[in-house]
Amino acid sequence: VGFKAGVKEYKLTYYTPEYETKDTDILAAFRVTPQPGVPPEEAGAAVAAESSTGTWTTVWTDGLTSLDRYKGRCYNIEPVLGETDQYICYVAYPLDLFEEGSVTNMFTSIVGNVFGFKALRALRLEDLRIPPAYIKTFQGPPHGIQVERDELNKYGRPLLGCTIKPKLGLSAKNYGRACYECLRGGLDFTKDDENVNSQPFMRWRDRFLFCAEAIYKAQAETGEIKGHYLNATAGTCEEMIKRAVFARELGVPIVMHDYLTGGFTANTSLAHYCRDNGLLLHIHRAMHAVIDRQKNHGMHFRVLAKALRLSGGDHIHSGTVVGKLEGERDITLGFVDLLRDDFIEKDRSRGIYFTQDWVSLPGVIPVASGGIHVWHMPALTEIFGDDSVLQFGGGTLGHPWGNAPGAVANRVALEACVQARNEGRDLAAEGNEIIREPSKWSPELAAACEVWKEIKFEFKAVDTLD
């Protein structure tokens, strides 16, 4: 066969509306905004080509392989309601394009160079369908929801956490003291802020030692298992693992990683270490809004959440719906289910473009954190249910009487909400009353209620459903 050089329209090769997707294909839903004058078929085909086998011109070496076997295919295009010149393009990728067990490689292909492509004004990856054949090449979360509950011996309620503030500037001893007071007051976990690594004012080893002391002291006094998310994130993978090893030697239950700034390769390495050594892994999503906040460009957080479940983590921050950070209720609950459940049906009203079967990969506990306080407790209990961690940083440490009373207030409020729910009361309608009742006999809760009675963060979410 003679080789025909030259530039060929992508849609002639990569737009295949008749294609029947296979169970082993990775499916992607892209929100595509083409440049003026570029037809949607060409734009969708360009995305499929540039994120799989294609390049800008035909090449002689195409003849040495089977494009039909390896190319990505744009198999469906839908206009976006209410937007002119914006489309959802569905692309199917053959499984052979991806290295097994590598989120890094999957993203390098699917969301690599194609996002800088000139023929597109903007491009956003809305959702991915990961086939069971690919999921089975990943370890996934180190332990998962059930194992964590069994290790902590805590059932039937959300877990409570608190990020230690001020996030930067405390000495290790004062930091440990703040942890102890929160845990002693009734929280299950305290947390390193995501920016706390190993700075001049507090080196990591000192922090780990004082936090471990706080955990053991609080456990002895309360009879409950406690934890502190020790942030193992570091400048190199080797240093990160070194910190995780030290945490294990101290006998603490959980470490933490910033998975986007640290990178998926580092995260997967740490997740493997955590499973092999019985450590839980808390994941913070610092940098996610750089990628996911704009509605027409980047990548939706539900994709980052799916990627994390593959890479490995037992907790991940997922927005609050009611606090200070971005997140619409239906969308947030959509990816919360994607994190926790084993099987999720396609549901466009919640932004879920594909049915996803996780084939028994362990679940991840969503963490609600950011601008929440005792008055939010009924809403949080209703929205997130039992398998969640509710984190009150300022909502604990900002208590007028100090950290321990702040922790007491949160624990009393949570227990009241769980009891009310179990009695069949309507948390949404009776929320304020449910919080007021226990504040009659809990002075700590009464003081917290007084401080935060008027605080609200009411702005419309930027990233909404169409």
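The backbone N, Cα and C atoms fix where each Cβ goes, and this holds for glycine too.
Site annotation (Swiss-Prot): substrate is bound by N113, T163, K167, R285, H317, and the candidate from S52, S66, S369 recorded at this site is S369. Spatially close to T163 (substrate binding site) yet at least six residues away along the chain are T190, K191, D192, D193, S369, Q391, G393, judged by Cβ distances under 8 angstroms. Here the binding residues for substrate are N113, T163, K167, R285, H317, S369. Their largest Cα to Cα distance works out to 37 Å. Proximity note: of the listed recorded positions (K4, N113, K165, K167, H317), H317 have a CA within 10 Å of the CA of H284 (active site, proton acceptor), given in sequence order.
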